[in-house]
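Everything below concerns the one structure shown next.
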Amino acid sequence: MMQSKKSVAYHFSDDVLQALYSWVDEIPLTRPKKNIARDFSDGVLMAQIVNHFFPSRVELHNYSGANSVAQKKYNWQTLNQKVFKRKPFHPVSLQDIDMIIKCVPGAIEKVLLDIQRTIAMHSTDLSPEIHKAPSGHLSQSDSQPQPLFSSQRGTPGRSTFEGMGDSMPMSSAVPPSVLEERERRIRSLEESNHLLEVKVRKLEQLVQLKDARIEALQAKLHSVGVL
C-alpha cells in the first residue's frame with residue numbers, strides 16, 4: 001500500500017522481508033552492503049543481481065557507481081532499456097525509480113521482490129542460462145541461512161552487516177557449467193576494473209593538462225605585470 005510523503009513506499013510482512021534479505025545475502029556482489037535503500041539506489045547492485053542469474057543479458061561495464069541523481073537515473077534507465085524491457089522482465093516504473101533514487105524505505109524491496117518472483121517462475125524455462133534461485137523465496141524457511149542484511153526485521157532500508165563474500169555453498173562436485181559461469185563473471189569484473197583504471201588515467205591526464213594551462217596563464221600574467 002502506498003504511503004504519503006516520506007514514510008514508507010510499500011509495506012511487507014516481516015517474514016517476506018527476512019526471506020528477501022536472506023536471498024540477497026546469498027548472491028555474491030562486489031560492494032559491501034550496509035543499507036539496502038542507499039546501496040541499491042544507483043542500480044549497480046541490481047545489475048549485478050540480474051547478471052548473476054542472467055549473465056548474457058547484463059553488461060556490467062554499462063553501470064558505474066554514482067552519487068548524483070542524474071547518474072543514478074541513467075543507470076536505472078539503462079536497465080529498463082537494455083534488460084527489463086525484455087521478457088520475462090518488465091520495466092521499473094518511473095515512480096518506483098524516483099523513490100529508489102531518493103532511498104524511500106520499501107521502494108527497492110518492492111522491485112527486488114518482483115525480480116525474485118520472475119527468476120523463480122522462469123528458472124526452468126531459461127535453464128541452463130539461469131542459476132537455480134534459492135528455495136523459500138517468498139516465505140520463511142526452516143533451513144535458510146542466518147540473515148545478514150538486517151537485524152531489525154520489518155524495517156526496510158536498514159541493515160547492519162559489514163562486507164560480504166561469496167556465501168554460496170560449494171559442493172564437492174561442482175558442475176562444469178557453474179565453474180565456467182563463475183570464470184566468465186570474474187573476467188567480466190576484471191574487464192570492468194580495467195575500464196575504470198583507464199578512466200582514472202584519462203582524468204589524471206586532464207588534471208595535468210589543466211594544471212599546465214593554469215601555470216602558463218599565470219606566467220603570462222606575471223610577464224605583463226598583472227600578478
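Each Cβ is built from the backbone N, Cα and C atoms, and glycine gets one as well.
According to TrEMBL, the feature coiled coil maps to residues 179-220, out of the candidate ranges 53-94, 179-220.
Predicted-model confidence for the domain 'Calponin-homology (CH)' (14-120) is 91, expressed as mean pLDDT.
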